[in-house]
Each structure stands twice: as C-alpha cells, then as structure tokens.
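**Student:** Dumping what Swiss-Prot says about this protein:
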DOMAIN    50-163  domain 'PINc'
DOMAIN    217-321  domain 'CSD1'
REGION    296-336  region 'Disordered'
DOMAIN    371-438  domain 'CSD2'
DOMAIN    469-798  domain 'RNB'
BINDING   D481, D490  Mg(2+) binding site
Amino acid sequence: MLQSKVFNKKTRGGRIQKQVREVYLRDDIYCGAFSCKSCDSSAARLSSSKIIVVDTNVVLHQIDLLENKAIDTVVVLSVVLDEVKNRNRSVYNRIRLLCSNPARQFYVFSNHVHKDTYVQAMEKESANDHNDRAIRVATLWYQKHLGDTSQVLLVTNDRENKRKATEEGISAETIEAYVKSLGQPELLDLLAQPTNEDITMEDADDSRPSKRKLIYQEHKPMSEITAGLHRGIYHQGKLRVNRFNPYEAYVGSESIGEEIIIYGRSNMNRAFDGDIVAVELLPRDQWQDEKALSIAEEDDEEDDTVHLAPDNVDDAPRTSNLSHETSGDKNAAPVRPSGRVVGVIRRNWHSYCGSLEPMSLPAGSGGTAHALFVSKDRRIPKIRINTRQLQNLLDMRIVVAVDSWDRQSRYPSGHYVRPIGKIGDKETETEVVLIENDVDYSPFSSQVLACLPPLPWSVSSEDVSNPVRQDLRHLLVFSVDPPGCKDIDDALHCTSLPNGNFELGVHIADVTNFVHPGTPLDDEASKRGTSVYLVERRIDMLPKPLTEDICSLRADVERLAFSVIWEMSPDAEIISTRFTKSIIKSSAALSYIEAQARMDDSRLTDSLTTDLRNMNTLAKIMRQRRIDRGALTLASAEVKFDIDPENHDPLNIGMYQILEANQMVEEFMLAANVSVAGQILKLFPSCSLLRRHPTPTREMLEPLLRTAAAIGLTLDVSSSKALADSLDRAVGEDPYFNKLIRILATRCMTQAVYFCSGDLSPPEYHHYGLAAPLYTHFTSPIRRYADVFVHRLLAASLGIYKLPTVFQDRPQLTSVADNLNYRHRNAQMAGRASVELYVLIYFRTRPTDEEARVVKIRSNGFIVFVPKYGIEGPVYLTGKGEKGAGDWYVDEEKQKIVKMDGSLSYSVLQTVKIHMEVVEPQPNRPKLQLTLL
C-alpha cells in the first residue's frame, strides 16, 4: 500500500518548503509476542502476559528505570525511537542497546510503516500531538490484535495523552503507578522527578499555587533567545565551571572575542558545567574584577582540595582565583566582561557519582526520605533526591541522575540510579573515577569478541607470500617501553649502511590487519577512542587477545607490522623515506631502564647495544634540531608509585624520571608521525586525520609572564622559538628552578587536538609545541583509535587498500575527530584522578613534612607545588572565608602576600616547609591537608 507523507521543512535560507514523501505500508510486520497466533514467532521477543507500550517522554526521562532488569516485555514504537533520536542521542543509544540485547525483552515495532498503525498527520496538528496519536493507535492495535492472550498497557506521564487514551478504550497508567504495581518499592527510587506536564500521584498539589520564594530568574523561551542572538543582545557558548571554584564559570564568546565570566550560582541560573547557554552581558559598571568575587552566600567554601599538578590551561586554576586587593591603585585588577545566563539551549546532564550528605535517619522506616546528594565533581551542585533506602546508602558511593531544576529550588532534583560500593574502598573509588570521566569499562560483547582470530595465532604462509608485505625478520628489531608493558605498539631497528649512512626503522603493530571497518570490533574501538591507564588498572580500547598477544610486538615471536623506514646521514638528515607493511621478529623487549643501562655500560659491545647507541646519537641530533626550530621542552609532574603486590596499596611515591632512552624512543616516534602526516596529506588533502596544537594567546600566557616579572625574569613569548630560548635562559639559584618554570609554562598551553584536514586551512595545521607544520598519530594503534584511522589512510595512500567510505563523509570525519578529542581528554582526566586517589591512600598512614614551592598567591594564602610528589594544593594563612582581611594583603605586581605590619611575606616560587596529612573534616570525606610549618 502506498501513502503520501506531507510535511514542512525549513531551508537554510529560512524559507518553509512543503515536502512530499511516498510511504510504502506493509502487512508483514509482526507484533513480537510469543502468545500471538497470527504472527511469525521466529522474531518474537515478548513472552509475558502483560506487555507495556512506552511513550517518548517515558523513554527520555525514565531510561534509568527501563534499564533495570525488573522492567521487561516492552514495546518501543518506531515513532518513539525517531523522536528520542532527535531529542537526546545519548538516551537513544541506550534504548537501542536495550532493544538489541538478547537477554532483555524490548521489541521495536515499526508502527510508521504498518498498514494498520500508520497515522497520517491532520491539518494544523502539531508534531507532538501527531506522535501521541500514533502511539495511541499502535497501542489500541496491540490490544485488539492480541485480544485475551496478553494485557497491553500504555505507560505515559503525559496527562492529556492518558486522558485521550482512556476515552479511546486504551488501558493506560502513569510510570509511577505501573512501578508501584510491581511490588518492588526500591524501584521507585529510580523514577525521575515529574516535570510540569507530567502526572504526579498527588495531582491535587498541582492546582495549589506555590508560596515558595523564587530563587532564580525564569529562562527565556527559545524564540526570544534566537532573536536575541541574532540582534547581538545574547551570546551563545558552552558554560565551563572553574574546577577550583564551583561558583565561577566561563562562557567563550566569539562575538566579543573573549570569555564572559559568570560569578555566583544566581548568575549561572541553574546551568550545569557543559551546558550550551545564552548569556546576557551585565552593565559595564557591574563588571567585576577578580577581587570582587564573593562566595559567602553559599554554604560551601572555595575548593581546598589537593590536586595533581595541572598539565595544561584547562586543568589549571583560573587567574581570577587571585585576589588583586593591594595597598595602591596601581595594582588594581582589570575588569572582565561579566554576565548572567538567561537560558539553556542544550543540557549536558548525565549521571553523577558521589554520596549522600551525612544526616540523621528519620523516625520510622520504610518511608520516603529526602536527601542531598554531593557529587565527587565539585563543579556540580548538590542534588535533591527521594529514597526509600536511606539507611543503606549513607556510607555508599552512588550514582544519581538529574531530572529538573525548578526556579524555586536552590538545588536541582534528581533520582537515585544505583550503588557503586563503600566509600573509601579502593575498587569503589576507582570505579567512580571511570564513571565520572565517562570511560566505558564494560566487558567486550560477544559480537566484538567474535571478530578476533582464534588463538593461538601466528604469522601464516599467506602473510609471508603477500606481495604488499615485506619480510623483515632478518633485521635486529627491538622494543623499548615502560617496565611490565604488555601492549607493545612499537619496535625499532638501526642498521649501518655501506655508504656510511644508517637505515632506521620504526615498526608499528599492524592493528588494521585485524580491525576491519564497519565490524563490531571497529565500532567498539571507535566509541572507546583510547585505552585508559590508571595506577593499578588498564581499560583497553581493544580486547586483550589483540593488545597483549596477536598485535603486541613481543620478543622472539613473529608479528605483522606497518613500518616507516628512513635512510639517514650520520648527522640525522633524512635521505629517503619509505612505508611498507612488514613481518618482523623482535629480538628483545627492553624497559627504558634496561636500554639506558646497556648504553651506559662501556663494557658492552654487542650488536643490540651498538644499535641503541647509534640510535641515541642520531636522536640527540634530531632533538636539538627540533629545539632549534622552536620546539618547546616543557615539563610536567608525572608521578609513579611502587605498589604492594599483595594488597595493591602504594608503598612509595615519587616523580617519574625521564632517561635518555625515553627521549630516544620519543624522537623516532615523533619523526614517524611527521613522515606519515606528510604522506597521507599529499594523497588525501581534504580527509586526513591530523593533530594540531594551537598557539597560546597572550591572555593564556599572562600567569606565566606575571610570575616571571615578579622574580625579575623576562620571557619572550612572541613565538615558540622565542619562548623556548627564554626558558633555556631561565636559570635560578637551585637546580629545580628551571623545571618549575617549564611546568608553569606547560599549564598555560591548551591541549593538542585531532582534526580533519578539510576543516581548516594549512596554516592552522601547525603544532606549536613541536614546531611542526604537520603532525599526526600513527605509532600507537593498539591504544589509540586515531592511529587506526591513520593506518587506513596510509595503506590507501600506498594502494594497499581502498579508502573506507567514512573518509568521503566530511561531517562524520569531524564527528570522529571530536569524539577522539573527548575520549583522549577524559582518559587523561581519569588517569590524573586515579593518581590523586592513590596519593590520598598513600598519605592516610604517612603524615610527613616536605619542601614545597609557592606557585600562586591567593588572598588568604597561597598555592604550593610539592616537587617530590607532583601535587599542589592550598596553604592558608588566615581562616577560610576571611579572604585575607586584616592581617595580610596581596602585592599583585610583586606576586607576594605580605603581613600588614611588614614583618612577614611569601613570594611566588619561594621555598616553604609544609606538613602533609590526611584529615576528615566531614564523615567519609577524607582530604589531604597542607599546613605551613
């Protein structure tokens, strides 16, 4: 049967066009119920005598409940799936996963193309009303189709939809009533709080006008926001809450060319970190400098948590954490554009990890208790939840989702999702780290594992005879990695040539020989984006049979590789470059320490040691050449732990030491990545995946320049070369001074990012930190999906494979790059959070005194960096909340905090002695406290 579907579509130019689509209606779409006598049961999923049909809002708002195994035999209509897909892609992915899970009875019914359930839109009928009518028609069809064999129930919280369903003879209930009928009270905790359009179980309350005080301004409607954006009254951007001060946020604005600062929760107006918001600038006389920020209106105080030292500008405290209150006007802080949120364009709500605020148990038991949830992420406000399990949850880490935030409520409302484990338990806190950073740590599915070759695997005769694969097993190949490394991506070789030159080879695991485009394995790797390295755990991007065996370039086994081979002169000039698929057999899997020991031991003259020394000599020349071009030699506070093999607690902690062997391997990996970038861009100028490092703005470098000026140091930041030279000249009285300056420079930089070459102009491809016009990632395909992508590009450039179709879809390529950046960032944050967790565990039983360096002056003290442990945190000179009033003042120009009588002062980069100890100011909330000695 053929039907015409008519709808209006808005063009890019803003005009409305009538669209007509032909719809073919079918009579061979089955209901999916085993009890049905007229439909083919081979595709049936629904076995219960009670089947529920859910509407769009139930799926959108109650997905946490639907994922609970107590909810089953659910019909998800195609019209519901389409609307969910348009409104919330994350929820759409979750409901699709439920529908495809063979262990769950969720059945997708294509009502939009079934001859008996197709619904033609009526004139002047809204899209929402049309969808609701389609849901009712499909539910009524199910009722009549199944008759007495199954009870069919429409579950909806839409008051009007439920009323019409009842009038039309359809059985309908609210989600709350349905859950109560199941006789499992704990499921009620999973219910999202109702919105204004929803039905509550106490409808009488809806008619009573609220007498509660309005705390927040009403959000503007989207029509007004859109008009305001066009007129330049409002500014759109992503709200980013300061990680070190949850009452201060920033919205980047292209229209005014700088960030708009949002001070205080009232001006944030119920916006969450990551929300896309519309911001209105405050009158200029209300723009504030940093010293004007007050958080006295809130119960909470400014963040005083000890953190791992930041690695880039995104992690570092904002300069506005400084007070510029001084004894003279010459040091007054400049005002910054300040604004307030007038509307939320797109929410970034997701599930959050944390615990309930300590409270006494209410009298009686079994009833509903109201509790405040405190997220581990301090950027997130407290969340109100109702729970019937309060006694069991008070000492637990739990997951909570946000449902709404009313103007009359100081805090958002949400619902309990699930427990994680006991507060303070190492496994629990590690799982919190993974959830908070959106790291997928679920086991690989059977569909993914089915893509793997059977074990044991070995190089086949077909691999050896493959004309595109060169046999390099005769070469002395070796790998150099951290100790205990099992997922070995890369190996090297260095051979002296008769003409006095060297042949250098970088051999990378040939992951794409096993991970094919469009397979479940490839889809899973693409979603995960990267492996995640925690202190005592690794979350793999690919299944372990690949990462630790089939692809890993282990010693004394033959493996498939993708090789970059250069001929180099003795002064490390590249004479020629070639790329080839290869077969190698690694002779040794060395640790950095082992490789360094070989190079340093003059008694060793074997071939492997000689090759290492030759490579190291060439690497030093290459490194110096990069530095001469302007590459930055920055520093970060990498921390390493010695772990107890029995209880897995940290035994010792210290800064990671970089050896020449580390730098040698890094140099050849960089060179391989640069060579591959040039090759793929030459052949595929519009669809290559590259990596760029944006040049830092003067504003981003301002904290470094202020610190340098305060200690009499002049830094030239006009180019990466000028900055590199300035950093080389920054030599202080102690040997750690230069490294500290480099650490401060590092945190002024943004992160490097992946991008599609067709999205930017060639000058924007530049990698600032490496001083390289072109760069990509090729050398770690076991642990980074970006490298898998680049391997496919390189293979296609050599004519080995055809370029996969994804490379012809620019928007999809951009989406892939965005996801890779998101996953890479989250992996880094998870790694840092894991280190911070183990630092806390280490100091629980080891209070200690240690030297620290002042890195930032605040109004009531200063931030110190502890070099031995790579951590930083606040040291208070006055009581928290006093903001330095009375006893101390800040000299902004000299970057020091001075006692009013002049008897004592502390300056930036000064060495101080501190005491480090874990304290517990609130139950179950331990923190590392730093105090001045």
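Residue 1 is the first one shown; counting continues down the chain.
In case you wondered, yes, glycine gets a Cβ from its N, Cα and C as well.
What you are looking at is a predicted structure, and each value in this text was computed from that prediction instead of being measured.
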**Student:** Give me the mean pLDDT over the domain 'PINc' (50-163), rounded to a whole number.
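**Tutor:** Here the mean pLDDT over the domain 'PINc' (50-163) amounts to 90.
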**Student:** Ten-angstrom check, please: count other Cβ atoms within 10 Å of the Cβ of D490 (Mg(2+) binding site), all chains counted.
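**Tutor:** That number is 22.
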**Student:** Give me the long-range Cβ neighbours of D481 (Mg(2+) binding site): same chain, 6+ apart, Cβ under 8 Å, in sequence order.
**Tutor:** I488, A589, L590, S591, Y592
**Student:** Kindly report the helix/strand/coil residue split of the domain 'CSD2' (371-438) according to DSSP, in that order.
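**Tutor:** DSSP classes over the domain 'CSD2' (371-438) add up to 15 helix, 29 strand, 24 coil.
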**Student:** Looking only at the domain 'PINc' (50-163), how are its residues distributed among DSSP helix, strand and coil?
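**Tutor:** Reading the DSSP string over the domain 'PINc' (50-163) gives 63 helix, 20 strand, 31 coil.
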